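Per Swiss-Prot, the features are:
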DOMAIN    92-171  domain 'PUA'
MOD_RES   T81  phosphothreonine
MOD_RES   S118  phosphoserine
Amino acid sequence: MFKKFDEKENVSNCIQLKTSVIKGIKNQLIEQFPGIEPWLNQIMPKKDPVKIVRCHEHIEILTVNGELLFFRQREGPFYPTLRLLHKYPFILPHQQVDKGAIKFVLSGANIMCPGLTSPGAKLYPAAVDTIVAIMAEGKQHALCVGVMKMSAEDIEKVNKGIGIENIHYLNDGLWHMKTYK
């Protein structure tokens, strides 16, 4: 999604949100990520201005004080940015890939089933369409945010094809954006 993303070319406008809209977004985030509720006022303080940065391909990035927190495409689900995920790693369930998959994931490739079932990888129970943080064997922080394309059970059974779709990874265009004022 952000492989060829460039802040100067892809951002179309930025709007400040009303309190009622912010409340709706917070409720949607709590519904989507139940573990985030105790931390939401710390992530999105009440007095700080919340803005939506609109980009090409119907992508919206939610920012607070210029810090990129969440993004979504069209009216779809919100995904946390990796910078937020590194501060609050418990927001998303984790899946772990083996060392051999790291370079492919960091180049934007989807996570294939064998990279999740080999030694060194850890596959935790998760349903289809669950948003997950992809961790790497021997690494502390998440290297990608993805969406389960198969359930964990099916990944173990089939062990072929795309298991997790790579949505946002380290060093992609969104990662390089850092802040937006």
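Keep in mind that glycine also has a Cβ here, set from the backbone N, Cα and C atoms.
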Residues in the domain 'PUA' (92-171) grouped by DSSP into helix, strand and remaining coil: 18 helix, 26 strand, 36 coil
Mean of pLDDT values spanning the domain 'PUA' (92-171): 94
